[in-house]
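Trainee: Below you'll find the structure I mean.
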Amino acid sequence: MAGKENNFPPLPHFLPLKPCFYQDFSDEIPVEHQVLVKRIYRLWMFYCTTLGVNLVACLAWWIAGGAGANFGLAMLWLVLFTPCSYVCWFRPAYKAFRADSSFNFMAFFFIFGAQFVLTVIQAIGFSGWGACGWLATIGFFGTSVGAAVVMLIPAIMFSLSAVVMAITIVKVHRIYRGAGGSLQKAQTEWSAGTWRNPPSREAQFNSFSGNSLPEYPTVPSYSTSGSQWP
């Protein structure tokens, strides 16, 4: 955003890379939605942590006799979904609440819904998906109890992520419908191109109100020289 230096992700100063986004909940998100947006952010962090724990569990699975492909896929999920989930569903949610953007709400519902389905699949734990879910964990207890106990941790974390994602979708949808959001508004934003970087609500208000009145209204003055009452 103009006049604001990007601050996320926070990177060490010695790296040649610079932060890609500006993120400040107290500055950009309306007070009534700050708690919810922060919870969505924490959900993203929890899901990324789950992917990291899943990678360790898949390594234990592999060492105990499981397929090495699961470890490879777990590494791919961690590297791929950590940045993509932030860009593809957290940022739309952030921009949606920042500017009451119907297009970003729609993008959030679509992508976050797909993320929810994927997380449910990861929690179930189908063989060959690179996720230590319930089926993979329970089935491996007969082979290695120690590895299965490690695998149980991401199974629980994937399940918690899926539950919180479902609750989040319901809460965000209620707010969206209550604020009068619609597909027509999303199409209008798409046509105008404002979906890319919608202005904050404060900026929209300032643009709408403008300088309609001078800071100090002037009172008309009338010359009294030569004027007499009859």
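Note: Cβ is positioned from N, Cα and C throughout, glycine not excepted.
Got these off Swiss-Prot a minute ago, pasting:
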- 1-39: topological domain 'Cytoplasmic' (TOPO_DOM)
- 40-60: transmembrane segment (TRANSMEM)
- 61-81: transmembrane segment (TRANSMEM)
- 106-126: transmembrane segment (TRANSMEM)
- 149-169: transmembrane segment (TRANSMEM)
- 170-230: topological domain 'Cytoplasmic' (TOPO_DOM)
- THR194: phosphothreonine (MOD_RES)
- 197-230: region 'Disordered' (REGION)
- 203-212: compositional bias 'Polar residues' (COMPBIAS)
- 220-230: compositional bias 'Polar residues' (COMPBIAS)
Trainee: Find the average pLDDT over the topological domain 'Cytoplasmic' (1-39) in the predicted model and report it.
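Mentor: For the topological domain 'Cytoplasmic' (1-39), the model's average pLDDT rounds to 89.
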Trainee: Any chance you could find the range in 40-60, 61-81, 106-126 with the most Cβ pairs under 8 Å to the transmembrane segment (149-169)?
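Mentor: Most Cβ pairs under 8 Å with the transmembrane segment (149-169) come from 40-60.
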Trainee: Quickly jot the same-chain residues contacting the transmembrane segment (40-60) by Cβ under 8 Å, restricted to those at least six beyond its ends, or write none.
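Mentor: For the transmembrane segment (40-60), the nonlocal Cβ contacts are 25, 66, 70-71, 73-75, 77-78, 81-82, 85-86, 89-90, 93-94, 119, 122, 130-132, 146-147, 150-151, 153-154, 157-158, 160-161, 164-165, 168, 172.
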